[in-house]
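What TrEMBL says about this protein:
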type	residues	note
DOMAIN	455-565	domain 'TMC'
REGION	54-79	region 'Disordered'
TRANSMEM	140-162	transmembrane segment
TRANSMEM	238-256	transmembrane segment
TRANSMEM	335-356	transmembrane segment
TRANSMEM	376-399	transmembrane segment
TRANSMEM	411-432	transmembrane segment
TRANSMEM	464-482	transmembrane segment
TRANSMEM	569-593	transmembrane segment
TRANSMEM	626-651	transmembrane segment
Amino acid sequence: GGGGRVPCCAPGRLPAPQPPCFLPLAEVFLPEETHGAAPVDFLQQLPSYQSALRRRATAGGGTQERRAAPQGPAGVNKQADVKHLSGGKQWRRTSSKSLKKVLSEVKEFSSYLKLWRHDIHSIEGKFGTGIQSYFSFLRFLVLLNFIIFILMFSFVTLPSIIAKYGMFNSSFAKIPPKNIEPHCTVYEPSGNKGLIYFYDYLKHLLSGTGFLEETSLFYGYYTIDATWISIVRYNVPLAYLLATFAYLALSLIWIISRSLEGFKQNLVHAEDQFQSYCNKVFAGWDFCITDPNAARLKHRSLRYELQTDLEEERLKRKIADRTTKEKLRIYSLRIFINVIVLAVLLGCFYSIYRATFFSQENSNGVSNMNFLVNLLVQYLPSIVITTANIVAPQIFSFLIRYEDYSPAFEIRMILCVFLRLASIGVLLFSLWSQISSCNTDMCKACGYNYELYPCWESQVGQEMYKLMIFDFIVILAVTLFVDFPRKLLVTHCSCKLLQWFGLKEFRISDNVLEIIYGQTICWIGTFFSPLLPAIATVKYFIIFYIKKVSLIHTQKPAARPFRASSSNFFFLLVLLIGLVLAFVPLGVSIAHIPSSKACGPFRNFNTSWAVVPHTILEFPKPLQQVLYGIASEAFAVPFFMVICLVMFYFIALARAHKRVAEQLKEQLAMEGRDKQFLIRKITEAQRHP
């Protein structure tokens with residue numbers, strides 16, 4: 001017909017033998033109006049079909065020519081090459097499958113060797129994945145601290161012990177500091193001389209003084225410049241510094257690698273609120289739960305999350321409809337409450353500052369016979385920090401009720417994280433201000449307050465040691481003397497007031513902050529006390545069983561679950577903040593504050609970092625020139641440019657991936673619309689056969 005295409009077979013007569021006729025692929029899936037069949041007319045109304053028509057109209061030509069594959073000798077040669085390579089590809093595929101199978105079996109076998117595997121599975125079955133993630137996080141910290149302990153013990157403690165006791169034909173050298181006043185090199189560890197009572201041993205054990213101060217637990221023990229094991233020279237100061245950098249880098253890499261998966265999931269879930277609803281409704285149930293009480297708790301949890309989402313939507317509409325007068329009122333109230341919160345934080349920080357000053361100035365002035373007073377003075381900073389971490393969050397919880405924030409905005413959690421981590425910084429700032437205060441010429445000759453701190457690194461290590469011990473004592477005491485009596489009273493007493501209080505809730509966020517606070521102390525204190533990770537490993541090992549018993553017997557899961565409880569991403573994010581905080585005091589201690597001249601491996605250097613350029617000077621001249629060239633601007637500028645180019649490449653790659661993801665999302669949306677369209681057509685066909 002006019003303008004139409006000639007069909008392959010004319011109607012009304014038998015076709016003559018001829019080569020097969022092929023319609024273009026576009027005409028199969030995108031038929032023209034001239035030969036559309038009635039049964040498939042409605043398919044042309046599909047949203048995906050209309051979208052394909054628009055793309056076909058804007059795509060342009062050039063695709064017809066690429067459809068036919070080249071024939072002839074070249075095509076034959078290509079087929080031969082493919083046939084020739086198929087054997088190698090098949091071998092690689094078989095080898096890859098075998099390797100994956102072996103790795104899978106090894107991974108499955110190693111899963112049986114995981115610490116607390118059965119206990120964590122039991123907790124997951126009774127209380128769900130939220131609480132299970134806390135105990136898995138605790139297991140991760142036990143493993144991390146154990147590896148840090150192995151690192152410090154292998155490269156710092158063990159060589160020093162071998163050299164001091166002359167094992168394996170070893171020896172050591174102590175080089176006296178040069179150009180240093182003699183009074184700066186005097187250091188006598190604190191401790192009682194003569195008859196020592198039992199309570200003195202207990203005081204030394206709890207405070208890290210006395211006999212513990214002279215052990216390998218603290219920095220002052222490692223007063224060795226070099227060791228020789230047979231004919232091999234081992235540089236102890238350099239090993240001490242590199243081991244410190246190594247455990248910090250190991251912690252950073254491990255935390256980031258574990259948090260990447262959770263970050264991807266959070267990024268995907270945060271993009272589409274509708275997807276969040278679908279996940280809660282259709283995939284929100286935890287099939288690991290076997291306990292009926294835990295199942296009821298999970299029901300309440302899902303109901304609470306849906307209510308929270310609806311409350312957020314309601315608040316968004318409420319915020320959008322606020323008048324200028326209402327906005328002024330709520331902002332004024334928030335400013336007033338934030339002033340109160342700031343005053344509370346400043347009060348806590350000032351209390352820590354004054355307690356640290358009082359403790360450092362009077363810990364040695366109290367009579368040794370007054371055991372309890374002496375111990376109380378030494379633990380005063382730890383007591384004040386713990387009290388602030390208990391009282392201040394209760395004040396925050398009361399105040400933020402009036403700020404009218406969204407339920408998803410965990411302002412209390414942000415304040416608690418800031419308080420716990422900043423309190424450690426205030427303590428260290430107080431110590432540094434005392435260490436650096438020099439008012440006499442004799443003190444200035446040493447570069448630090450040698451009278452009060454002859455070996456200031458060991459005394460900072462003692463403060464970190466006391467913080468860790470006191471934190472463990474508080475956790476144990478709260479479980480034994482608060483949670484257990486409360487459980488007995490609620491269970492066996494019918495008093496309405498006690499029943500109203502009920503059992504204590506196992507709040508995941510507060511428990512996570514407890515162990516992250518302790519881990520931050522461990523990261524900071526390991527430089528001043530190399531064996532502190534061993535104490536942290538034992539501490540977290542015991543805390544696991546304390547928390548397990550407390551959860552099962554004395555507490556109940558929180559009725560209002562924390563939003564990030566089902567993922568380790570929140571835990572690792574706060575842990576990463578604690579690690580970044582640890583970088584600051586360690587960097588200041590290593591590069592800025594003068595090292596002690598009476599103890600430690602860096603007594604011959606102005607600062608701990610000075611060992612690095614001193615070691616470089618011992619290298620051969622060509623290697624020195626290479627290192628100096630790397631540190632110069634001639635290398636730094638091109639390196640920065642290359643890094644910028646690489647960064648721009650990855651940014652462009654990320655944008656391309658984002659466009660592909662958007663196209664896939666659009667395709668999924670089109671498929672959903674197609675299904676709705678087809679269901680509607682089928683329904684209409686059933687109504688009008």
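Note: Cβ is positioned from N, Cα and C throughout, glycine not excepted.
Model, not experiment: these values are computed from the prediction.
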Stretch-level contact, the transmembrane segment (335-356) and the transmembrane segment (376-399), CB cutoff 8 A, at least 3 pairs: yes
Recorded stretch, among 238-256, 376-399, 464-482, 626-651, maximising Cβ pairs under 8 Å relative to the transmembrane segment (411-432): 376-399
Folded-back contacts onto the transmembrane segment (626-651), same chain, C-beta under 8 angstroms, at least six residues removed: 616, 619
Contacting positions for the transmembrane segment (238-256) when only residues 6+ beyond its ends and CB under 8 Å are counted: 144, 147-148, 151-152, 155-156, 159, 222, 523, 526-527, 530, 533, 572, 575-576, 579, 582-583, 586, 590, 601-602, 608-609, 611-612, 615
For the domain 'TMC' (455-565), the mean pLDDT of the predicted model: 85
